[in-house]
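Participant: Structure incoming, see below.
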Amino acid sequence: MKRRAVVLFSGGLDSTACLYWAKKQYDEVIMLTVNYGSNEERVTNKVAEYFSKELDVRLKIVKLDFLKEFSEIRGSSLVGGEVPRVTAEELEDIEKASETARSVWIPARNLVLISVAASLLDALGGGDIIVGFNAEEATTFPDNSREFVEKLNEALRFATLNPVKVVAPLIDLDKRGIAKLLKELNAKYEYSNSCYNPKGFTEDGRPIHCGECESCVRRHKGLIEGIGEDKTVYAITPRI
């Protein structure tokens, strides 16, 4: 029986690692990128198109206007306003990290995205939803936790006609571990985008990261500490 997977692809290190991992594990892989009006949407779509061609994987981009509207109601800085700037030291402060997480929170995003992926897989006959949830982000984003995955899979038993489950291959890893996995998989991570406020692309197609948002700092710190290098292009090199 053919093993099928849908990779929820947001363009960053986590989903890029998941994509390369899934390509080795499954017979059929589909990338699913969801647009909801975020600041980095244009860059995310181009990154998704790049990896779709690079790995010869089918890409589906879904637009969810209602999620943009709900995010605007909530006042999420990911769809408007200024994204918080943080330092590596501030990321170690749970209160400060939680404050930043609240600023960029998209209402029930992961639940909504997984529902979309589950619907697609149910229509195709079932399969696995591959998500980039990891131990580091689970400390500030509860919808990245192992418990969340377990509860989702309990619900999916009742929600789909065909068997669908969530698989989180990075669930025990921090950014350093993810960096090491990317290197093992020979992933072209420099073409991925983690930035909440990207500045466009280089001539060879690499996203230009702001270097100041939480996601940029986590990315740079993880790569340097994990594999001793960072090929990412930054407008301002993050201070770690």
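The backbone N, Cα and C atoms fix where each Cβ goes, and this holds for glycine too.
Below, the features straight out of Swiss-Prot:
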- Phe9, Ser10, Gly11, Gly12, Leu13, Asp14, Ser15, Thr16, Ala17, Cys18, Leu19: ATP binding site (BINDING)
- Cys195, Cys210, Cys213, Cys216: Zn(2+) binding site (BINDING)
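Quick one: how deep are these features, and who are their neighbours?
Facilitator: In the three-state DSSP classification, Leu19 (ATP binding site) falls within a helix. Sequence-distant neighbours of Leu19 (ATP binding site) (same chain, 6+ residues apart, CB-CB distance under 8 A): Val7, Phe9, Val29, Met31, Phe51, Leu55, Val57, Ile130.
DSSP assigns Cys210 (Zn(2+) binding site) to coil in the three-state reduction, placing it in neither a helix nor a strand. Residue density at Cys210 (Zn(2+) binding site): 19 other Cβ atoms are found within 10 A of its Cβ, drawing on all protein chains shown.
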Participant: When you rank Cys210, Cys213, Cys216 by Cα distance to Ala17 (ATP binding site), which of the binding-site residues ends up on top as the closest?
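Facilitator: Result: the closest of the binding-site residues to Ala17 (ATP binding site) is Cys216.
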Participant: Identify all same-chain residues not among Phe9, Ser10, Gly11, Gly12, Leu13, Asp14, Ser15, Thr16, Ala17, Cys18, Leu19 whose C-beta atom falls within 8 angstroms of the centroid of the ATP site's C-beta atoms; report them in sequence order.
Facilitator: Val7, Gly132, Ser192
Participant: Roughly how many angstrom lie between the C-alpha atoms of Cys195 (Zn(2+) binding site) and Gly11 (ATP binding site)?
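Facilitator: Approximately 9 Å lies between the Cα of Cys195 (Zn(2+) binding site) and that of Gly11 (ATP binding site).
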